[in-house]
Amino acid sequence: MGVVKKICCIGAGYVGGPTCAVIAHQCPDIKVTIVDLSQARINAWNSNNLPIYEPGLDEIVFGARGKNLFFSTDVEGAILEADLIFVSVNTPTKKSGMGAGMAADLAYVESATRKIAEVAKSSKIVVEKSTVPCRTAESMRTILDANSHDHIRFDLLSNPEFLAEGTAISDLLNPDRVLIGALQTPEGLKAQQALAEVYSHWVPRDRVITTNLWSSELSKLAANALLAQRISSINALSAICEATGADVDEVAYAVGKDTRIGPKFLKASVGFGGSCFQKDILNLTYLAESLNLPEVAAYWHQVVIMNEYQKKRFVKRIITKLFNTITNKKIAVFGFAFKKDTGDTRESAAITLIKDFIDEHAHVRLYDPKVEESQIWIDLSDVSGADAAKKHVTLFPDPYSAAEDADAVVIVTEWDEFRDTKLDYQRIYDSMKKPACIFDGRLILDANKLRKIGFKVDVIGKNELAGKA
Ligand code: UDX
Ligand code: ADP
């Protein structure tokens with residue numbers, strides 16, 4: 001395989017869309033076609049209202065679309081003409097059958113792979129982009145070999161994506177590293193170089209790491225597991241802080257100053273969410289179990305158990321502080337996305353929290369600046385049933401109306417607009433029932449400032465004794 005001139009990306013989601021849009025933007029000499037089975041999704045990518053909210057994404061897409069970047073449902077046509085194909089389809093956790101609740105559902109990867117084998121009339125480099133369990137490439141290779149036409153070569157690479165939502169474009173434009181795994185054969189190494197060449201349009205060569213296929217697949221799971229482990233570690237410490245009067249921000253700052261530990265991913269919170277962390281750790285756990293390594297499986301599983309505990313602990317603290325009952329109380333929830341600067345709600349802590357509030361018969365008054373209303377109802381109906389969700393949850397267009405007459409405000413997502421430098425908390429206080437309580441699940445508020453207004457303030461990883469003898 002020589003120089004890559006045409007790229008096809010199968011799957012126009014959170015990974016495939018931004019990644020391949022940036023490749024098109026940075027490589028004007030390469031034609032990039034992003035395909036998806038969903039006509040609605042492709043229509044949105046071709047409109048002025050892109051299906052994904054990411055800072056900076058509009059400029060990148062609008063700049064390249066129609067020139068060397070195309071969105072289409074013609075999966076077969078795009079496969080036919082491509083030299084290199086990214087497989088960026090979804091790999092959700094299995095809901096039933098063997099490995100349910102743990103293993104990744106590879107049905108979409110398999111069907112995309114079968115499609116490539118069926119359609120291709122010339123040799124292709126096929127690249128795993130979706131996060132997949134270790135050794136998925138082996139299954140893809142078997143499918144490709146068993147179904148392809150004569151004289152066609154498929155070279156399989158693993159090129160996991162490390163972008164984080166909300167910062168996807170800057171992560172893609174300036175990645176810490178690009179990882180490309182290949183079979184250590186002459187053909188595999190040639191394909192690896194061809195993809196490295198694509199990235200060399202804008203990524204310095206020393207940031208492109210080349211490894212064997214399995215190291216690349218496992219590195220993606222390992223990176224996410226280690227990041228999530230840091231959050232569960234600081235969240236475990238936040239429980240000790242609340243019980244002792246230590247301040248979790250101070251502890252995180254103090255330990256993060258050790259260059260061996262470093263300051264990032266030590267922000268205590270109501271629990272991590274997002275499409276990757278939980279899924280990937282469960283994947284890793286399942287892999288360890290399948291390899292008959294139960295101690296390893298239990299070790300990683302504990303990261304997820306701690307995350308669930310953190311959410312439950314926060315709900316319990318809220319109920320306790322609201323005089324041991326929230327039945328019929330009005331709880332204003334600020335934020336529904338799993339983190340700021342995204343409209344994505346997958347595995348958002350807000351979903352678990354609101355389900356618990358509904359179970360306690362509270363009235364939830366919800367505001368999020370970006371999440372689509374329809375998505376909120378889908379997520380809440382999934383966990384609580386549509387009737388209970390509609391009965392107990394009301395959506396508001398701004399934080400002020402959500403907080404009106406509420407017993408408590410709960411900060412669930414760290415949107416900048418919720419900070420006390422941006423919102424008028426005096427106005428919020430004046431409109432609430434008294435005592436007016438505020439629960440900061442993201443450590444974004446100046447508790448003392450709010451206490452001066454009159455709020456009763458609770459912050460994860462802090463208690464009112466903090467700093468007192
Ligand atoms: C993550 C990885 O960072 C990324 O490399 C990978 O490609 C996909 O998974 P993402 O899920 O988009 O990215 O967001 P991330 O910024 O990692 O946050 C995940 C969750 O952890 C969010 O709910 C966030 O609020 C939470 N978090 C993050 C904390 O609670 N504390 C922190 O210190 C950092
Ligand atoms: P991710 O966060 O991994 O990008 P998403 O769910 O956002 O996951 O996107 C995956 C996309 O892949 C979806 O838009 C889905 O319609 C698409 N998809 C799944 N299977 C196929 C397939 N066989 N061919 C084309 N597109 C597919």
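Note: Cβ is positioned from N, Cα and C throughout, glycine not excepted.
For reference, TrEMBL has these:
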type: BINDING; residues: 11-16, Asp36, Arg41, 89-93, 130-131, Glu165, 276-279, Arg346; note: NAD(+) binding site
type: BINDING; residues: 161-165, 220-224, Arg260, 267-273, 338-339, Arg442; note: substrate binding site
type: ACT_SITE; residues: Cys276; note: active site, nucleophile
type: DOMAIN; residues: 332-447; note: domain 'UDP-glucose/GDP-mannose dehydrogenase C-terminal'
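Sequence features, as recorded in TrEMBL, placed on the structure.
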residue: Asp36; record: NAD(+) binding site; CB count, 10 Å: 24
residue: Asn90; record: NAD(+) binding site; CB count, 10 Å: 17
residue: Thr93; record: NAD(+) binding site; CB count, 10 Å: 19
residue: Glu165; record: NAD(+) binding site; CB count, 10 Å: 24
residue: Asn224; record: substrate binding site; CB count, 10 Å: 22
residue: Ala268; record: substrate binding site; CB count, 10 Å: 27
residue: Gly271; record: substrate binding site; CB count, 10 Å: 29
residue: Cys276; record: active site, nucleophile; CB count, 10 Å: 25
residue: Gln278; record: NAD(+) binding site; CB count, 10 Å: 21
residue: Phe338; record: substrate binding site; CB count, 10 Å: 25
Of the binding-site residues listed as Glu161, Asn224, Ala268, Phe338, the one whose CA lies nearest the CA of Gly11 (NAD(+) binding site): Glu161
C-beta crowding around Gly11 (NAD(+) binding site), within 10 angstroms: 28
Minimum Cα separation from Leu221 (substrate binding site), reported as the residue among recorded positions Tyr14, Asp36, Asn90, Thr93, Cys276 that achieves it: Cys276
Lowest local Cβ density (other Cβ within 10 Å) among binding-site residues: Ala164, Leu221: Ala164
Candidates near ligand 1 among the binding-site residues Gly11, Asp36, Thr93, Leu221, Phe338, judged by a Cβ under 6 angstroms: Phe338
Set of same-chain residues at least 6 away whose C-beta sits under 8 angstroms from Glu161 (substrate binding site): Val15, Thr19, Ser88, Lys129, Thr131
Per-residue pLDDT averaged over the domain 'UDP-glucose/GDP-mannose dehydrogenase C-terminal' (332-447), given as an integer: 97
Asp36 (NAD(+) binding site): secondary structure state under DSSP, collapsed to three categories: coil
C-alpha spacing of Gln278 (NAD(+) binding site) relative to Ala268 (substrate binding site), in angstrom: 17
Composition by DSSP (helix, strand, coil) of residues within the domain 'UDP-glucose/GDP-mannose dehydrogenase C-terminal' (332-447): 46 helix, 19 strand, 51 coil
In sequence order, those binding-site residues of Gly11, Tyr14, Asp36, Asn90, Ala164, Ala268 whose CB lies under 6 Å from ligand 2: Gly11, Tyr14, Asp36, Asn90
Packing count at Tyr14 (NAD(+) binding site) (other Cβ atoms within 10 Å of its Cβ): 23
Rounded Cα-Cα span from Asp36 (NAD(+) binding site) to the residue listed as 'active site, nucleophile', Å: 21
Alpha-carbon distance [Ala164 (substrate binding site); Gln278 (NAD(+) binding site)] in Å: 14
From binding-site residues Tyr14, Asp36, Asn90, Thr93, Glu165, the one whose Cα lies nearest Phe338 (substrate binding site): Glu165
